[in-house]
2 protein chains.
Amino acid sequence: MHRLPFTDNYTLRPNEVDVEHLLRLSSLADMFQNSAWRSADVLGFGFHDLTSQGLAWVLSRMQITLDSYPDWGETVQLDTWPKRTDRLFALRDFELYSQSDKSEPVVRASSAWLLIDLKTRRPRRLESLESAMPSLDRDAIEATPVKLSCPDSMPLHNVVQVRRSNLDMNYHTNNAAYIAWIEDCIPMEMYQHRRIHELTVNFVGESFIGDQLTIEYQLDQNHMNGRICNQKKQDVVLFSAGLSTRT
Amino acid sequence: MHRLPFTDNYTLRPNEVDVEHLLRLSSLADMFQNSAWRSADVLGFGFHDLTSQGLAWVLSRMQITLDSYPDWGETVQLDTWPKRTDRLFALRDFELYSQSDKSEPVVRASSAWLLIDLKTRRPRRLESLESAMPSLDRDAIEATPVKLSCPDSMPLHNVVQVRRSNLDMNYHTNNAAYIAWIEDCIPMEMYQHRRIHELTVNFVGESFIGDQLTIEYQLDQNHMNGRICNQKKQDVVLFSAGLSTRT
């Protein structure tokens, strides 16, 4: 029996909130990843199940809508469920609820995952898994997260070197690290007065320990585009983000 | 009624473990901080109690002994309690237990905190709090964490810039960020074959967003010294660490 949605409770810790005591987006991405893996595990399609078949889930795209930000010490409920597939994507949705009011989620998200063959590093078709994989016919966000088109050139913000603490168990840079780098681009004055309301991210390529990454972004009133590339291969985008803010 | 030790359970998440699926030291520091603050809050000496009096607890020194490293997905029990004071230090100890065997802690730690006046940024004497503050006469590690003396000059490893995601609610670089920077110095081959068994850290000064920090370290067989300074004020050490490893 696999009851869906899968539910986890999180009580927000000091390291999961920002200077304003509110949930960081990178911490939200960590929570999504933790619950997604725990849910997949319960359903029989988790990390260990897939690794033993030479396969891995790799997060490709995600769209997040945030109506409010939970606070330090607050307990939130995170629901997640696999829904349908769309071409090579397995879609998984998330809803985050404040403990004090469960009538509406404060955060909604949809994510698109590829099933990667660890030997060839290429995506596999999902037909074989699809029939066996339980899912829920329910949308946190209906549309499949889009492919972003960034402006051709954007101002360089920073160059960072991938450190071991940015890596995950696949030995490549973790998705939350890219989100933290982009979150850090937002100027402090804007960060303190406006909050990210919608965020779409595309994880396009891998980076590894020691790689030098360029972080570029462009602000246009309430909208920001960001891009992270490998400094040695500037034509290859590893990560892109589009976000809008509101007061 | 304040039952001591204060206890929290943690089920290790993907972002809390390293490439080898084992608990990161910086995540351990985050867990210590979370439980310390939660414990202080229950005792009436927490973040909000102190802020309203213009005071704050600031972590000054910590010693950690790790006999084994918990794994991804494992649930661990963290016990913490205030013990005695030592000059200007309020001492707080920690013991981390594996859920499968609670006869001996897998991690033991002792920490020394200063009570800082937020206006003058200087430490306050503890007499006024001491009589009112509940404590437990029990040692995870008996000795007060020592003041480290680092070699005068060490090879430069890296220069990093403090980003917003390195800050905590006090708007300065969080203690776990310094630990992550030092943890990242350990060469990969050593990291995969030897584990940190003992770590002592001193938090000496503050750094803020945009500051450029120099990270220096020196390896001597199973021992490593590390130091982090503000690049503009090389004579001022912000953080130092001494650690020993074993297979």
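Please read every residue number as a count from 1 along the shown chain.
Just so you know, glycine gets a Cβ as well, placed from its N, Cα and C.
Averaged over the domain 'Acyl-ACP thioesterase N-terminal hotdog' (A:6-126), the predicted model reaches a pLDDT of 96. The feature domain 'Acyl-ACP thioesterase N-terminal hotdog' is assigned by TrEMBL to A:6-126.
If you look up TrEMBL, you'll see A:158-226 marked as domain 'Acyl-ACP thioesterase-like C-terminal'.
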*Three-state composition of the domain 'Acyl-ACP thioesterase N-terminal hotdog' (A:6-126), taking helix and strand from DSSP*: 26 helix, 57 strand, 38 coil
*Within the domain 'Acyl-ACP thioesterase-like C-terminal' (A:158-226), residues counted as helix, strand or coil by DSSP*: 18 helix, 28 strand, 23 coil
